[in-house]
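Report on one structure; see the data block that follows.
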Amino acid sequence: MASSSSTRSIVLGLSLWFLLISPALSLTCTSQSKNLKNEIYAHCLDLPSLSSFLHFTYDASNRSLSIAFVAAPAKSGGWIAWAINPTAPGMAGSQALVAYKDSKGAVTVKLYNVSSYESIVPTKKLSFDVWDTSADESGGLMRIYGKVKVPEELAKAGKLNQVWQVGPSVTPEGMIAKHDFAPPNLNSKGALDLSGAQTGGGSTGTDSRTKKRNIHGVLNAVSWGILFPIGAIIARYLRTFESADPAWFYLHVLCQSSAYAIGVAGWGTGLKLGSDSKGVTYTGHRNIGIALFSLATVQVTKALVVHDINLI
């Protein structure tokens, strides 16, 4: 490969390091602990839809559940909600904590009794005790904080039905607008194991989605952030030494071909993550990844064609 392409390879590698890998690794609940009002929670869950997260601690001695729910509103000026449904796994019958910006621009928490899909009304009291509620916003994310007295029958079962949601807007009177009914919105429910064991609403460890994110990030780090730049550096600097000929070329080819193969795997993992996250699209991340991967493919294809011509 020409030396002029070496600089492009280095820039390509560094660009993909920051633009592709960082988002894949940072969007996990364990990365948010610095932003949670200096409170440490025993468990941290990546919820399986709406890119939402739940931090919680359960004290069985007094049935108190401390939570911090983190999500991004569907639109600027929208709302987020986390709820417990004492009687069913769905939204109807749930008792919700909803956060949004009030008319003065302050993030506030209100209580809602979702008695049915047609009736979502504010209330001063839920069917169980709730206290120390508050909310904040930063980096495009809202956070709901609160403590809940878990009903005795749910505490004995060790599990409860949780529901979470995000919506687009709130009226000046505090009435929340309907959320979307896309698959991520309809799937935003699950069982929360108070012990922190894995449930349908997430896991205390790294769930399958987080593992895929980590794999995606590591593959791209090794490929675009390490091997491609090293291969370019070898081609740019080592070939100036006669004693390094032809070893530099074989090392260059090994680094670049290995980097591209690993990059294909990382790119494929990213596509799989995208297909598994229906309704959630990181448009900038995706478009930059596709564009840079396409440019790398063109460069590798060009090198192979030139090599074949030289053989002829």
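From the backbone N, Cα and C atoms, a Cβ is placed for every residue, glycine too.
Unlike curated records, TrEMBL annotations are generated automatically.
Among the ranges 65-83, 217-235, the one that TrEMBL lists as transmembrane segment is 217-235. Listed binding-site residues: H216, H252, H285. The one with the lowest count of other Cβ atoms within 10 Å of its Cβ is H285.
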